Amino acid sequence: MTRSRAALLALLTMVALSPATTALADEGPEQIVNGTFDSGTAPWWSTGNTTIAIDAGRLCADIPGGTANPWDVIIGQNDIPLVAGDTYAYRFSASATPAKVGKALIQLPVDPWTQYLSANPELSVSGNDYSYTFTAPVSLPNSQVVFQLGGSAEPWRFCMDDVSLKGGAEPEVYEPDTGPRVRVNMVGYLPQGPKNATVVTTATTALDWELKNADKQTVAKGRTTPRGVDASSGQNVHTLDFGSYRRPGKDYTLTADGETSRPFDIAADLYDQLPTDALKFYYTQRSGIEILDSLRPGYGRPAGHAGVAPNQGDASVPCQPGVCDYSLDVKGGWYDAGDHGKYVVNGGISVYQLMAAYERDKAAFKDGQLAIPESGNGRPDILDEARWEQEFLLSMQVPEGKPFAGMAHHKIHDRNWTGLPLLPHLDPQPRELHPTSTAATLNLAATAAQAARLFAPYDPAFAARNLRAARTAWAAAKANPARYADPNDGTGGGAYNDADVSDEFYWAAAELFITTGEKEFRDFVLASPHHTGDIWRDRGFDWGNTAQLGRLDLATVPNALPDRARVRQSVVEGAEKYLAVQRAHPYGLPYNPPDFDWGSNNLVLNNLVVLATAYDLTGHEKYRAAVREGMDYLLGRNALNQSYVTGYGEVASHNQHSRWYAHQLDPALPNPPRGTLAGGPNSGIQDPLAQRLLKDCKPQFCYIDDIESWATNELTINWNSPLAWVSAFLADKSGRSDCRVRYTAHGSGTFTGQIVIENTGRQTVDGWTLRWSFAGGQRVRQDWGAALSQSGPVVTARSTGKIKPGRSVTFGFVATNPSGPNPSPEVFHLNGERCG
Ligand code: 9MR
């Protein structure tokens, strides 16, 4: 120990540090040997790439630059005994020149290196004192105290002193700062509502509430509704409904029980930017292409895994040893999450949801919307972004002539896990293809079939290539129906295992049927147990539960399924289920299992997708209101009083687990971009940080906005995709239309059609045109009741007649249908406005 340090320490103990660092009377004996370095460096050790030496009473080392992972340079001490259940105080002082974030661990000395304490001290040139407490979950005679100091491009100097570990400390209690007890959507509310808030209180009878505008004038008042103790948070809560107040404005607040909420807006354009931000996230997740700083200021970086050293590149990736004898060019695609892996099953649902958002409302997505390299090419940017991933999925298909030809490899990723931070182009790990799986193959079949129909107007060759790949994948999956990803194949990347692929079969068949109308796929859909079963699980759909994707598309995308009406009704039944969960929940959550899942925020959003689809199918306002209320939870009306979308709301997640948006570990790197969803509360708390701080958490509290919490705070492509879908729905202002159309057809080769237009609005329609598209190549031959003309698939019916409010007109035609299905048109525009 240095003299000055000893003097400083004496001073600090006199003035008393924060509670965690205060010496306690019953603190146990020192466990670290020679933590003051008074007797040289022993028994401290270091990795061979650095040398430890005493410098002015401290232990110092020159840390080499150019290593990839924190554990590439280590200084440590072995054989530290720990006693299960004992709480330890761990203290040291350290400095870095230049300043760096280091990693201080107390861990198991052998694989799997279980961490009992993991901290990221921000080391400065002048030096600081650090202190932490943790409770040992196990007893062992030989834990390891280590400082992981690798991962820096530049060399730097590290010094430390006064390393101490003592038992008998007070257990650390983590108290999240949850701010005011009145919980609102911090972004705001739409003028038309609904507008609900939740108050955390000990009161059991109704309380007064007041809504104040930015000038602190009370503009509305009411009484709360006591809701008892909420299981998801353990809190006694009330709800309040201020939906009758509709005036747009900024910085409203709600006051109840002596607490005032964070400010929020009431605005019609509340969600206008969110779909764009949620979608822009995909560009900075791209692999194999330079991210241009001009397009994403602050996020520019060289192309990842493009084959430039130290990257080994994705242009010619071999299989894991013994898995295959070829290499594939699997450049491109999106990195799945905070790691550098690329996985077909989470890529599949992500690209599906982007294409589904587009298919729901093609007019809402424009060329130039996302500021990506393809902007300006005449195609909607959302399709260009989806194509970036779809091309990668196609490249994962086993080539003809090879074993398992037509199947898709489950994933490609690093041979070993890497540390944080690590920009994609600096990853030196070998990349490997993992075995094929039926699930991945069916993801490819489904998304390729979907891409075939959506890209047809823009790039027929790409559409045709997708359809061929989809058919090949389907046949290969049928021939290999039970090749499951190995649950233990989780080194260097996630396992994404799933031993039930009947749902993936159903989804793929549904997409192939919608695109081709062919009998094989129709028969498969009709025979699948997922076609009629109750697939609306409480926990929502996700990468491992995909039957819902097929059912939603069969309900919403025109097709000639014989039981289509029942399919549409089944979505409404699913929505009713989620509506009931939401109504019973005092935080308005349409998701409420007793324990929250990994990525719960994404499951909340996927349940909102079902509610939104029910609105699209029925026009019933209650479903749209439910989607809006569900979003309130994600943007602040929750037990933690925080928004889970970066950049949205006064207090929002911004330290999501990522190797390149790793600002928390390296101030030179950015935070995740605006519009990034955090995975959210996860009762499983699988990472050491969450285990240390969130033990015994109630579901809503199982979350921490820290980059180390990979189980509660990661970001992924398959979590931002429902955010994009739902926010596009929320931003959609088309609302209820003023007309309704009923279409009926009789006959097959030559058929007659009849259309009834009902004026559901308040104005008389004086002269009209009705436009629709025939998806099956049908041609109008004769008409009655209106004059019909056809150009390609688009039919226009014209009349000079009037339709009074509440009245209908009927007209009809004779048409020919070339072959196979005779899909009914579903989208009609009356005088340019969409009919419901
Ligand atoms: O999102 C995945 C979640 O559903 C699983 O329960 C979890 C454990 O297998 O894995 C999650 O996916 C992670 C993947 O394994 C590795 N990359 C990051 C993913 C998100 O945390």
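Placed from the backbone N, Cα and C atoms, the Cβ positions cover glycine too.
As the structure is a computational prediction, the values presented were derived from the model and not from experiment.
Looking at 223-242, 663-682, 743-762, the range annotated in TrEMBL as region 'Disordered' turns out to be 223-242. Taking the domain 'CBM2' (722-836) as a whole, pLDDT averages 89 in the prediction. DSSP assignment over the region 'Disordered' (223-242) gives 0 helix, 14 strand, 6 coil. With a threshold of 8 Å between CB atoms, the same-chain residues lying at least 6 positions outside the region 'Disordered' (223-242) that come near it are 194-209, 211, 254, 256, 585-589, 592, 594, 596, 639, 698-701. Counting in whole angstrom, H657 (active site) lies 5 from E714 (active site) by their C-alpha atoms. The local packing around H657 (active site), expressed as other Cβ atoms within 10 Å of its Cβ over all shown chains, amounts to 27. Sparsest Cβ environment among the active-site residues D705, E714 (other Cβ atoms counted within 10 Å): D705.
In this structure, the C-alpha atom of E714 (active site) lies 9 angstrom from that of D705 (active site).
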